[in-house]
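K.L.:
Got a structure here, written out as structure tokens. Questions coming.
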Amino acid sequence: MIVIISLVYCFRITSSLLQLMGIRWPRILTPKQLSQIIQSQKNPLKALQIFDEAKCKYPTYRHNGPVYGTMINILGRSGRTNEMKRIINQMKEDSCECHDSIFVNVIRSYAQAGLTNEAIFLFKSLPEFNCIEWTRSLNTLLEILVEESKLESVYQLFLENSCGWEVKSRAHFLNLLMNVLCRMKRSDLALRIFQEMSYQNCYPNKESYRILMRGLCEEKRLNEATHLLYSMFWRISQKGSGEDVVVYRTLLEALCDNEEGQEAIQILDKVLRKGLKAPKRCYKLIDLIHWQNGADTEDMKVLINEALIKGIVPSSDSYRAMAVDFYAESKIDEGNKVLKEMHDRGFKPSVGIYEAKVAALFRDGQVDEAIMVIDCEMVQKNCVPNIRLYNAVIKGICHERKSTTAIMYLERMSRQVGCVPNYETYETLVDGLCKDGKYVDGKKVMDQMSVHSFWPRVGTLNSLIQGLCQLGDLHSAIMCLEDMISLALTPDIHVWQSLLDAICSENCMNEASFKTLEQLQTPYHSL
């Protein structure tokens with residue numbers, strides 16, 4: 001018990017000392033310099049203290065929008081909601097010009113903290129800020145409300161803001177609303193919104209057609225879906241676009257599933273001629289499908305998809321659209337056929353296609369095949385992975401409880417020019433290593449993480465400290481505790497119990513451990 005009290009005491013002392021630690025102030029302070037200073041701080045409360053002191057030390061200095069945004073992001077990421085609210089109110093009182101992206105981050109922070117009502121209140125108060133556009137804030141808030149099934153709030157917010165000059169684009173919201181209605185099996189209402197889009201001073205785009213076509217087909221409203229396709233020909237496909245093939249394929253496959261093969265063949269003919277403006281040689285494929293009419297539904301789909309792949313006017317965008325769509329539906333073989341067609345036509349697959357392929361393989365449990373994509377296939381095609389793809393691979397491998405393998409990709413990223421591991425990379429890997437019981441490796445990755453001023457969430461740190469205690473590595477556990485304290489995070493009660501058990505264990509009672517504890521309790525111990 002004495003040790004526990006001692007540890008709690010050192011936690012309070014160290015937290016207090018953080019408020020007393022000074023920094024080297026420049027002779028003249030600019031908002032850009034202040035942003036760099038507070039971003040370099042490990043402790044969000046220390047960053048806030050510096051932010052507050054700036055005006056006192058420099059009477060002529062004034063915060064601008066970007067420095068407010070930096071401070072708000074730091075507090076939001078660390079879960080300091082009350083402090084974040086104070087800075088937001090201060091920004092409003094200063095009436096400095098601020099960008100929409102600041103409020104996007106705040107809205108997301110509120111949502112992650114389960115404070116959706118606070119996010120709504122903030123958005124409704126935006127007229128009180130010096131912000132000239134709210135489009136991204138509105139879209140972000142609406143997406144969050146849709147995910148939380150708060151459709152009444154979604155509808156009310158749209159009514160209140162759809163005509164304001166601060167919101168530049170309404171198509172995104174209407175697509176979002178149609179998507180929700182289609183998921184609720186109310187494609188009839190989604191169709192009504194689609195027909196009313198022009199009255200909202202916006203017009204359907206490719207995404208509008210894709211959402212509505214999928215919704216109508218899933219409810220077997222195939223007559224309306226067919227009319228939708230024909231309207232698409234003259235509205236956005238007059239010149240023929242390979243990207244539209246995703247919409248066409250949805251209807252053609254739905255017709256096959258409904259045993260309307262003859263209708264599918266007739267529509268395919270119109271798609272190739274009017275929708276895709278395909279070369280005449282592609283029409284021979286229709287004769288083959290005619291001959292196969294009445295065959296197995298899946299065989300018909302394969303033939304139709306091959307006709308569409310061959311009928312696309314070759315372009316990177318058209319191949320990408322079809323390949324990504326196949327992989328999104330976990331139709332890996334069909335997606336691979338598109339990749340082969342791209343290669344045969346001399347087109348280089350984009351990283352986005354490989355992202356979709358890797359995600360599909362992980363969903364299907366084909367972990368080794370997913371790894372081969374980034375290790376072999378992309379190398380052969382001279383395609384360089386990006387940060388999103390590396391993160392997807394690391395996440396997939398960790399999900400399969402093979403986190404030690406994922407460390408290799410962190411090392412590869414570090415060697416690749418222009419591909420710097422980000423917070424998601426480290427957080428996923430440290431969390432995965434802890435779940436696999438690889439606490440020593442987790443501590444090593446966390447040490448790399450700290451070099452880039454990234455730190456794990458409180459739950460991951462709790463797990464890491466407890467795991468190190470179980471392994472008898474008390475020194476490393478206390479170093480992690482020290483990091484946790486310096487971040488102004490409060491350890492879980494189970495962490496204190498694990499530390500007590502480790503300290504009381506005979507195997508852990510060594511001079512180094514006591515020296516570390518002694519350092520933590522020393523009032524002048526500098527972190």
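Backbone N, Cα and C atoms are what each Cβ position is placed from, and that goes for glycine too.
From TrEMBL, here are the annotated features:
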REPEAT    64-98  repeat 'PPR'
REPEAT    170-204  repeat 'PPR'
REPEAT    244-278  repeat 'PPR'
REPEAT    315-349  repeat 'PPR'
REPEAT    350-385  repeat 'PPR'
REPEAT    422-456  repeat 'PPR'
REPEAT    457-491  repeat 'PPR'
SIGNAL    1-16  signal peptide
K.L.:
Calculate the per-residue pLDDT averaged over the repeat 'PPR' (350-385) and state the result as an integer.
P.N.:
92
K.L.:
If you run through the repeat 'PPR' (350-385) with DSSP, how many residues end up as helix, strand and coil?
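P.N.:
Taking the repeat 'PPR' (350-385) as a whole: 27 helix, 0 strand, 9 coil.
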K.L.:
Looking only at residues six or more beyond either end of the repeat 'PPR' (170-204), which have a C-beta under 8 A from one in the stretch?
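P.N.:
Residues 138-139, 142-143, 146, 151, 154-155, 158, 162, 211-212, 214-216, 218-219, 221, 224, 228, 235-236 contact the repeat 'PPR' (170-204) from elsewhere in the chain.
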K.L.:
Let's see if you can do this one: DSSP helix, strand and coil counts over the repeat 'PPR' (170-204), in that order.
P.N.:
27 helix, 0 strand, 8 coil
K.L.:
Count up the helix, strand and coil residues in the repeat 'PPR' (244-278) according to DSSP, in that order.
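P.N.:
For that range the per-state counts are 29 helix, 0 strand, 6 coil.
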